[in-house]
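Asks: Found this in Swiss-Prot, in case it helps:
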{"type": "TOPO_DOM", "residues": "1-11", "note": "topological domain 'Periplasmic'"}
{"type": "TRANSMEM", "residues": "12-32", "note": "transmembrane segment"}
{"type": "TOPO_DOM", "residues": "33-48", "note": "topological domain 'Cytoplasmic'"}
{"type": "TRANSMEM", "residues": "49-69", "note": "transmembrane segment"}
{"type": "TRANSMEM", "residues": "77-97", "note": "transmembrane segment"}
{"type": "TOPO_DOM", "residues": "98-101", "note": "topological domain 'Cytoplasmic'"}
{"type": "TOPO_DOM", "residues": "125-137", "note": "topological domain 'Periplasmic'"}
{"type": "TRANSMEM", "residues": "138-158", "note": "transmembrane segment"}
{"type": "TOPO_DOM", "residues": "159-164", "note": "topological domain 'Cytoplasmic'"}
{"type": "TRANSMEM", "residues": "165-185", "note": "transmembrane segment"}
{"type": "TOPO_DOM", "residues": "186-196", "note": "topological domain 'Periplasmic'"}
{"type": "TRANSMEM", "residues": "197-217", "note": "transmembrane segment"}
{"type": "TOPO_DOM", "residues": "218-224", "note": "topological domain 'Cytoplasmic'"}
{"type": "TRANSMEM", "residues": "225-245", "note": "transmembrane segment"}
{"type": "TOPO_DOM", "residues": "246-262", "note": "topological domain 'Periplasmic'"}
{"type": "TRANSMEM", "residues": "263-283", "note": "transmembrane segment"}
{"type": "TRANSMEM", "residues": "286-306", "note": "transmembrane segment"}
{"type": "TOPO_DOM", "residues": "307-341", "note": "topological domain 'Periplasmic'"}
{"type": "TRANSMEM", "residues": "342-362", "note": "transmembrane segment"}
{"type": "TOPO_DOM", "residues": "363-395", "note": "topological domain 'Cytoplasmic'"}
{"type": "TRANSMEM", "residues": "396-416", "note": "transmembrane segment"}
{"type": "TOPO_DOM", "residues": "417-430", "note": "topological domain 'Periplasmic'"}
{"type": "TRANSMEM", "residues": "431-451", "note": "transmembrane segment"}
{"type": "TOPO_DOM", "residues": "452-471", "note": "topological domain 'Cytoplasmic'"}
Amino acid sequence: MTDLPDSTRWQLWIVAFGFFMQSLDTTIVNTALPSMAQSLGESPLHMHMVIVSYVLTVAVMLPASGWLADKVGVRNIFFTAIVLFTLGSLFCALSGTLNELLLARALQGVGGAMMVPVGRLTVMKIVPREQYMAAMTFVTLPGQVGPLLGPALGGLLVEYASWHWIFLINIPVGIIGAIATLMLMPNYTMQTRRFDLSGFLLLAVGMAVLTLALDGSKGTGLSPLAITGLVAVGVVALVLYLLHARNNHRALFSLKLFRTRTFSLGLAGSFAGRIGSGMLPFMTPVFLQIGLGFSPFHAGLMMIPMVLGSMGMKRIVVQVVNRFGYRRVLVATTLGLSLVTLLFMTTALLGWYYVLPFVLFLQGMVNSTRFSSMNTLTLKDLPDNLASSGNSLLSMIMQLSMSIGVTIAGLLLGLFGSQHVSVDSGTTQTVFMYTWLSMAFIIALPAFIFARVPNDTHQNVAISRRKRSAQ
């Protein structure tokens, strides 16, 4: 990339900072949740909605981000994304109640949903095709550093300042990024087809109300009648989308995608698999602080081995899949992650705290292998004219399943515990033990889906996508 013009390199730095802001905010909040609960006068059992409100908003808004960038221009949308994310951070820091914090997190999510996909689109437009891979590696590297720094930085700020600072640190970075975007980034636009607003609204309503209904009376305090009504609305919205998308060439996501068996299996496995995996980044720091009495900073440091294991495994995951095939790798890593989850709980309850970093490192390795394998399995056989749509649907499903996973984790805590779980409670570790056992069971379930992957899905096919007609 040394032969790129200086202006292009500055534009890549802007995109990289956007990736860093979004990835840092995804993990920095987790270690602060118990302190937030105490400050806001809420039960820790309700704080999972701080994560759900952000991730669910990202899932809902993702399908619109690419179309908006093509229609309005990448500079305008990227600038808007940074401004919304920064304003959301400010409102989060100023929140005095949980409901205010949830609304502010949703505003952050709107910005976060546009930041990463529009950033990728920007790189595609400003960099020659032969240098695209090197440029994407450069801009995504800060996105890998964010999860590494997030838990420890969040714990440090909570312990030595207050939880408000995990949001306030975004403000100067956001201001600099917004100014740099206006000054340096070109405003590429493209001719766009008509946006499928009806399909977008149907999917948004379906995802949002079903997730809210899943949270149920334990999290939102809704009556059984209200929950039943939400489920009915959500199911009807999704069924209407299926009817809307059938034989509709302008549909948000074409149903032709599901004619590819590996896409259908991979998408179903990714959805179910990330529900289980999505529980772990939320539950681990909460358990370390509330269940074991760790300080926020100590709990944040304990998350670093998991990120290191994940980053290290990415270097060899292709060779592993080529050697053993998708079915074996996905079934083995799914069951392995379930066992590692049980190992973490057992080690923690026995008081072998010095072993926990090694267990979390192993968890990161297994999880990373499974994530990479799920992603490539889902997309590898799609025809070229459906690849972009399939990738967008996968990105949306990834965010949606993570929000559902965190919601289920909060629901499990509510089922097994009282409304006020604290370090001083004698039953706290028992509550977490039952929750962890349930999580291990949920994590293992997608193995039944991955067992249906064709046995010959392996080796060089892992990297290439067959070109064939979508008709």
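Cβ from N, Cα, C; glycine included.
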Asks: Can you name the far-off residues of the same chain, 6+ from the ends of the transmembrane segment (77-97), with a Cβ under 8 Å from a Cβ of it?
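Replies: Same-chain residues near the transmembrane segment (77-97) but 6 or more away: 14-15, 18, 21-22, 25, 40, 65, 68-69, 103-115, 118-119, 122, 164-165, 167-168, 170-171, 174-175, 177-178, 181-182, 185.
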Asks: So, do the transmembrane segment (263-283) and the transmembrane segment (197-217) meet, by the test of 3 or more Cβ pairs under 8 Å (sequence gap 6 or more)?
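Replies: No, since the transmembrane segment (263-283) and the transmembrane segment (197-217) share fewer than 3 Cβ pairs closer than 8 Å, they do not count as touching.
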Asks: Residue list, the topological domain 'Cytoplasmic' (363-395) vs rest of chain: Cβ under 8 Å, 6 or more residues beyond ends.
Replies: 62-63, 66, 117, 253-254, 256-257, 260-263, 265-267, 269-270, 273-274, 277, 280, 305-314, 317-318, 320-321, 326, 329-330, 333-334, 336-337, 340-341, 344, 453, 457, 461-470
Asks: I'd like to know if the transmembrane segment (342-362) touches the transmembrane segment (165-185) in this structure, counting it as a touch only when three or more C-beta pairs sit under 8 Å and are separated by 6 or more positions.
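Replies: Stretch pair does not touch.
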Asks: Do any residues, 6 or more residues outside the topological domain 'Cytoplasmic' (159-164), come within under 8 Å Cβ-to-Cβ of it, and if so which ones?
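Replies: Distant contacts of the topological domain 'Cytoplasmic' (159-164): 32, 35-36, 39, 93, 295-297.
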Asks: Kindly state the mean pLDDT of the topological domain 'Periplasmic' (417-430) in the predicted structure.
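Replies: Per the prediction, mean pLDDT sits at 62 for the topological domain 'Periplasmic' (417-430).
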Asks: Which residues, given as numbers and ranges, are at least 6 beyond the ends of the transmembrane segment (286-306) yet have a Cβ under 8 Å from it?
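Replies: Distal contacts: 27, 30-35, 44, 47, 148, 150-156, 158-160, 348, 353, 356-358, 360-361, 363-364, 367, 421-423, 428-429, 432, 436.
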Asks: Between the stretches 12-32, 225-245, 396-416, 431-451, which wins on the count of C-beta pairs under 8 angstroms to the transmembrane segment (138-158)?
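Replies: Highest pair count goes to 12-32.
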Asks: With a Cβ cut-off under 8 Å, give me the same-chain residues at least six positions beyond the ends of the topological domain 'Periplasmic' (246-262) that come close to it.
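Replies: Here the qualifying positions are 63, 193-194, 196, 199-200, 203, 377-378, 380-383, 386, 389-390, 392-393, 453-454, 457, 470.
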Asks: Is the transmembrane segment (342-362) in contact with the transmembrane segment (49-69), using three or more Cβ pairs under 8 angstroms as the rule and ignoring pairs under 6 apart in sequence?
Replies: no
Asks: Kindly say whether the transmembrane segment (342-362) and the transmembrane segment (431-451) touch, using the definition of 3 or more Cβ pairs under 8 Å where each pair is 6 or more positions apart.
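Replies: Judged by the Cβ rule, the two regions touch, with the required three close pairs present.
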Asks: Give residue numbers and ranges for long-range contacts of the transmembrane segment (431-451): same chain, 6 or more residues beyond its ends, CB-CB under 8 A.
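Replies: Distal contacts: 265, 268-269, 272-273, 275-277, 279-280, 283, 287, 290-291, 326-327, 330-331, 334-335, 337-339, 341-342, 344-345, 349, 408-409, 412-413, 416-417, 421.
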